[in-house]
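Have a look at the structure below, then the notes.
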Amino acid sequence: MRAAGLVVAEIHEVMRAAIVPGATPQDLDAIARRELAARGATSNFLGYGGFPATVCVSVNDVVVHGIPDATPFDEGDIVSLDFGAVLDGWHGDAAVTVPVGPVPEPVARLLDDCEDALWSGIAAMTAGRRVRDIGTAIEQTIESRGDYGIVEEYGGHGIGTAMHMDPHVMNYRTRQRGPKLVPGLCLAVEPMITMGGPETHVLDDEWTVKTDDGSWAAHFEHSIAVTPDGPWVLTALDGGAERLTALGVPAAAAHRG
């Protein structure tokens, strides 16, 4: 799975560099297709439930599942990329939200706070804890940062020989503790927050998810393995070592790469 995760991480870097004013979501899809082929990997998004592209590109008030089109990015937009790959039967899945040039300070904070919440959730993924602990850590971080809406209809999931597997990983504390985190369990953790309310709706294309109030949204995701040495972030180039070390959490990447 680490090999599939590295494919996802590398292609994310290539796509991020192409997010400039005048570029389009379709440009990013073309990049993803080219880079997957160059690495001998395939897409786990293309054709999934009929999805017509290799990457979800969600702009501004689109939370998730945006279908790439020919609308150019404007300076000041924010663009969420949700992208996955399959290599040798193993899946990787990750998401990031990127500003198109300078953005207002509250929008920049939205992105930083959502990403920090993701890493708080990852830091909770130590063996012996419970799935609920991930959502609790995410929620606590978000609520400590501001008056954000936590999108409840969508969340993380198990990942491995399929893109979506049990268990479901919520982005807030639940009454049920959920399964125990044991070495070998792999999860995709993905907080989604808005600058307004948490309510969303799906457009007529049956994919694109927008906020009801038009507020802008951020989405960050990594695929992570639970190991005896700590979380191993399979879709981070450094395995999560830098961010986890800063949080005081043992990082499996220190032992595994």
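Think of each number as a place in line: the chain as shown, counted from 1.
Using N, Cα and C of the backbone, Cβ positions are placed for all residues, glycine too.
All TrEMBL annotations are machine predictions without curation.
Copied from TrEMBL, the annotated features are:
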type: DOMAIN; residues: 1-227; note: domain 'Peptidase M24'
type: BINDING; residues: His65, His164; note: substrate binding site
type: BINDING; residues: Asp82, Asp93, Glu221; note: divalent metal cation 1 binding site
type: BINDING; residues: Asp93, His157, Glu190, Glu221; note: divalent metal cation 2 binding site
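Same-chain residues with CB within 8 A of the center of the Asp93, His157, Glu190, Glu221 CB atoms, the divalent metal cation 2 site residues themselves not counted, are Asp82, Ala94, Ala95, Gly156, Ile159, Ala188, Val189, His222, Ser223. The secondary structure of Glu221 (divalent metal cation 1 binding site), as reduced to three states from DSSP, is extended strand.
Compared over the binding-site residues His65, His157, His164, the count of CB atoms lying within 10 A of a residue's CB peaks at His65. Cα spacing between His164 (substrate binding site) and His157 (divalent metal cation 2 binding site): 6 Å, rounded to the nearest whole number. Within 8 A of the CB centroid of the divalent metal cation 1 site residues Asp82, Asp93, Glu221, the other residues of that chain are Phe83, Gly84, Ala94, Ala95, Ala188, Glu190, His219, His222, Ser223. Counting in whole angstrom, Asp93 (divalent metal cation 1 binding site) lies 10 from Glu190 (divalent metal cation 2 binding site) by their C-alpha atoms. Checking each of the binding-site residues His65, Asp82, Glu221 against Glu190 (divalent metal cation 2 binding site) by C-alpha distance, the shortest gap belongs to Glu221. Under DSSP, His157 (divalent metal cation 2 binding site) is assigned to a strand (E or B) in the three-state scheme. His65 (substrate binding site) carries neither a helix nor a strand DSSP state and counts as coil. Distance from the CA of His65 (substrate binding site) to the CA of Glu221 (divalent metal cation 1 binding site) is 13 Å. You'll find the Cα of Asp82 (divalent metal cation 1 binding site) roughly 14 Å from the Cα of His157 (divalent metal cation 2 binding site).
Reported as a whole number, the C-alpha separation between His65 (substrate binding site) and His157 (divalent metal cation 2 binding site) equals 16 Å. Note on the domain 'Peptidase M24' (1-227): its mean pLDDT in the predicted model is 98.
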